[in-house]
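> Here it is, the structure in full.
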């Protein structure tokens, strides 16, 4: 006989047995039990004990909610969502900018203090409540139900412009099937017998010219829209079709896609690492990267940027983490998942950094050698015309085999002797360190610096195809998580076919995304990247932290985790959630606001033939008033649901987000338990058995009866919990 039946409870305890649902609701009006979140797994008139109010571990018992086919699919989905383009083009840039290897110290510290704890928190609440972001925070604390809506809004904003980057990668991917690569050389215009290099390209570089002129066909300012760029419009359409096909069946389709989109980038990164280490100058790049500048660790800006990178690297606040974990078994070890995914994310960032700086080290050597050759030709010209005396040239220097060290020696001698007129000679120092210090990030790294380096690779089209196919897969993994963060809360709230919802969302997103494929679209991508996600997401995450740790209660949440996981998480998490993480997030909010206040709001505008003095260069330009208003409107719109929902529910203008049955249950029971709660909060936390654990919903705790003062315990605690996905419907999960 099962250990937790009423018969065995009476044999081992003198306390009143938990009332049945039928007893509790006998005086209520008829309800639709199937639509109730409180009656999961129960049929009308059931006499099952109240502990069955807790959602069943069997996903099929919860209105047919889908579940991951296996643990590997779920882990790959979380890795694919968290590991994205930022690992490849943001993390290496921050390392270079903030002290090289020294940057890893604040990053690791903040990963431990805020990254892993908050990632664990989101995994736990999603897995426990089995709802998307809106449903989760409606249950935890209805007045802060706007958290989920804000998450959905931010996902929408980010998805709009993030998929444009995938579209750019698709364009470059198809352009890579050419030899030589179309960005390898500047275009040449022929005027009769005379060949003229494109002036705009000559002043910048072939890869820069191709990016701004051929790919984006960019305008000179955000005011000049320039109409649609048809090449990028088609590329964006292909990107949205890919995303739609990946998520159209929910996790049944996206889980399969993740096998490839999450694993293939690692194959490419390892191939690039091996190839990069074989290139001349790769060791210089890696040594430059990891040479620590310890004094940088004392700068507050370094810590702020490390915290921001940790925050976005794990995808906190987007709702994708919660949505993915909501399809898990309730006894899945999400603590292990949080640590594993965080470590994989960090290792991926290090791997990508090694690859990037191995390739950039090779590029820096190529550019430095080119600089030496060009300046040596200048010196030879000065020697032949008598501007410089041959006595200035050391006797051992051979111009036909001039090394960087020889040039540096010759440069120093000429600079010393011709100190007064040296500037007129126009000689460059050609220092390798200067080339390595040229910081590039984002699109500049992927579509300019990296593409330029690959033009010098043997079999350059092959490596270009691999690189941009990797970017497509990295972006696709993140987009699947972003779309899941949008569709899951909507599917939880409205009973509609996921296929229809997915298609409608993708069509609407594509039409709105046409803003980013205007000729000025790159400027709007920059605007959305700077304003739509940063501050709103930090606010969302700190409210998530506060609602669980301070409103619901950290002790209660820790007990829920113990009941759910079968073991008690480390006390470390208690202190992180209760004190450290909120404090760090508050500091991060203030630092972000201050940074926005002191940094001029603007973008780098590409100048071309309309401004000959600025030909082939980018220059910072302030936003016009309408664009500035649009930028700040993104922040306001993303955070607006937070106060609206709070005020509306405070004054009972809208429901608390629960269904009628749970509201009725709460009203009927709150009066009886309020006095007992004051005496002993812990008596309403059930035993340590996972199936008897209360759901992390303040109003939905199990009722022990008017005279219940003793917790039901199970001495066999910890032995009945199964963590394997094969045991999802096993009898042990019901004990």
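Note: Cβ is positioned from N, Cα and C throughout, glycine not excepted.
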> Need the matching range: TrEMBL marks transmembrane segment on one of 1-29, 30-58, 146-174, and I'd like to know which.
146-174
> For which of the residue intervals 500-519, 660-679, 680-699, 700-719 does TrEMBL record transmembrane segment?
500-519
> With pairs restricted to those 6 or more apart in sequence, evaluate whether the transmembrane segment (500-519) and the transmembrane segment (263-286) have 3+ C-beta pairs under 8 Å.
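They do not touch: fewer than three Cβ pairs between the two stretches lie under 8 Å.
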> Taking 232-251, 339-360, 462-488 as candidates, which has the most Cβ pairs under 8 Å with the transmembrane segment (146-174)?
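Per the Cβ count, the answer is 462-488.
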> Taking 3+ C-beta pairs under 8 angstroms (sequence gap of 6 or more) as contact, is the transmembrane segment (339-360) in contact with the transmembrane segment (104-125)?
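Yes, the transmembrane segment (339-360) contacts the transmembrane segment (104-125).
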> So, taking each listed stretch (74-92, 232-251, 306-327, 531-552) in turn and counting its Cβ pairs to the transmembrane segment (626-648) that are under 8 angstroms, which one gives the highest count?
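When the Cβ pairs under 8 Å are tallied, 531-552 comes out ahead.
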> At an 8 Å Cβ cut-off, counting only pairs 6 or more apart in sequence, do the transmembrane segment (306-327) and the transmembrane segment (462-488) clear the bar of 3 or more pairs?
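Contact confirmed: at least 3 Cβ pairs fall under 8 Å.
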> Give the sequence-ordered set of same-chain residues, not counting 80, 83, 87, 345, 474, 478, with Cβ within 8 Å of the centre of the Cβ atoms defining the Na(+) site.
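Filtered neighbour residues, in order: 79, 81, 82, 84, 85, 86, 262, 265, 348, 477.
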